[in-house]
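> Dumping the structure here so I can ask a few things about it.
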Amino acid sequence: MRINPTTSTSGPGVSALEKKNLGRIAQIIGPVLDVAFPPGKMPNIYNALVVKGRDTAGQEINVTCEVQQLLGNNRVRAVAMSATDGLTRGMEVIDTGAPLSVPVGGATLGRIFNVLGEPVDDLGPVDTRATSPIHRSAPAFIQLDTKLSIFETGIKVVDLLAPYRRGGKIGLFGGAGVGKTVLIMELINNIAKAHGGVSVFGGVGERTREGNDLYMEMKESGVINEENIAESKVALVYGQMNEPPGARMRVGLTALTMAEYFRDVNEQDVLLFIDNIFRFVQAGSEVSALLGRMPSAVGYQPTLSTEMGSLQERITSTKEGSITSIQAVYVPADDLTDPAPATTFAHLDATTVLSRGLAAKGIYPAVDPLDSTSTMLQPQIVGEEHYETAQRVKQTLQRYKELQDIIAILGLDELSEEDRLTVARARKIERFLSQPFFVAEVFTGSPGKYVGLAETIRGFKLILSGELDSLPEQAFYLVGNIDEATAKATNLEMENNLKK
């Protein structure tokens, strides 16, 4: 969905600079430019430079770059944020005197931006009275909110077994077609309804098709309100796979800057989605090589930990509000020891693993209850009742997993009475972990359900206690709280009696 950016004043304000600091392109190597400036007029690191002019065919050129290195001899090396086609040596370069700034605030909701904060959705210009630079330091210790609190999502399997921390970072692992997008959209919907919060989606190195699909699905499910765009619950920032590495490396910071404004100025709870955090590292690796740095382990940039840290440390809770981040993590060749995912893991508070096996069974959300983890699942944080229930649910499911081979070979009848009971309860638990989503209503026809944490715990305690052993397992499939399951069981019984 790469549409030419709508003409907007959101780029660095060139006219206001009266062109006071001009340089000229000295060398072009792919997306990297060397620019010569007059002595004593060197731009700072991270300053935005703008190249304006015409190419040999007479087409207008407008390329924004970011200063990365000061080379000496009055030269700087900058990385381009868009294609460098048509640039020639000797072209005039304007130093904007400040880092890249992007529009922030309510005007960004329901819109799609590129790395420069320019709208790319053909819906006209964006109000740019409020802008913010993409390079900022992380909040000071004194501003941080150190209280550990659960971020309730209303999704049973997440809240019970791998709860999210308010202001924490969650890794989302899953292959293609297991429901990542639907889970992301449901979280965006729930934070808006339950917490009055907003979301920012950063597509980092995304496939253009996937970005387009997400946008269309968001419009279909009402997350983006086409009639009244200001009522939308999400802002989208895309730096697709076809963009130069500079854009892919910085698009995460553009999304984060928009999220920080909602947290610090509007004092809201914000969800920040980054899909995919691995592409951020990959783009950094490309830029590092282009800048001539010596590669580190597995060819990654030597500054890998620093780059990751500078992004992740800005994602946190402050006294004003919180940014809770959900990051899709691609694991190259399924090697968890690869430096990119290994560096990411150090920052995560919880992992949500989506399982193809559960998706194949039709259990959605297909979150793997045994593989998903959270540092919040401790009795002193979530309370004894929640912790005990979660552990017993996991034990039951683990035992069922161990017995599956025996069942496959010998059948259920060969199991002991106790094991048969465990299997029956585990199958009920497995089905009760499924849930109808609000954003899937348009596809499934069944109304979505938000289940509070207390209701979730009560439901699983009842299943584990054996009080519901007499109910059929299909009564627990795709329902909200436990009362709906018992009502569904009664309906099923009545239907069966009528058939007889």
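Backbone N, Cα and C atoms are what each Cβ position is placed from, and that goes for glycine too.
Feature table excerpt (Swiss-Prot):
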- Gly174, Gly175, Ala176, Gly177, Val178, Gly179, Lys180, Thr181: ATP binding site (BINDING)
> For each of the binding-site residues (Ala176, Val178, Gly179), count the other CB atoms lying within 10 A of its CB, then report the residue with the highest count.
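Highest number of other Cβ atoms within 10 Å: Val178.
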> For ATP, what surrounds Gly174, Gly175, Ala176, Gly177, Val178, Gly179, Lys180, Thr181 with a Cβ no more than 8 Å from their Cβ centroid?
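So the extra residues in range turn out to be Leu354, Ala359, Ala366.
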> Tell me, if you would, which residue among Gly174, Gly175 (binding-site residues) has the fewest other CB atoms within 10 Å in the structure shown?
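Selected from the binding-site residues Gly174, Gly175 on minimum Cβ neighbours within 10 Å: Gly175.
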> So among the binding-site residues Lys180, Thr181, who's got the most Cβ atoms within 10 Å?
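Most Cβ neighbours within 10 Å: Lys180.
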> Looking at Cβ-Cβ distances, which residues of the chain lie under 8 angstroms from Gly177 (ATP binding site) while being 6 or more apart from it?
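In sequence order, Ala359 meet the Cβ cut-off.
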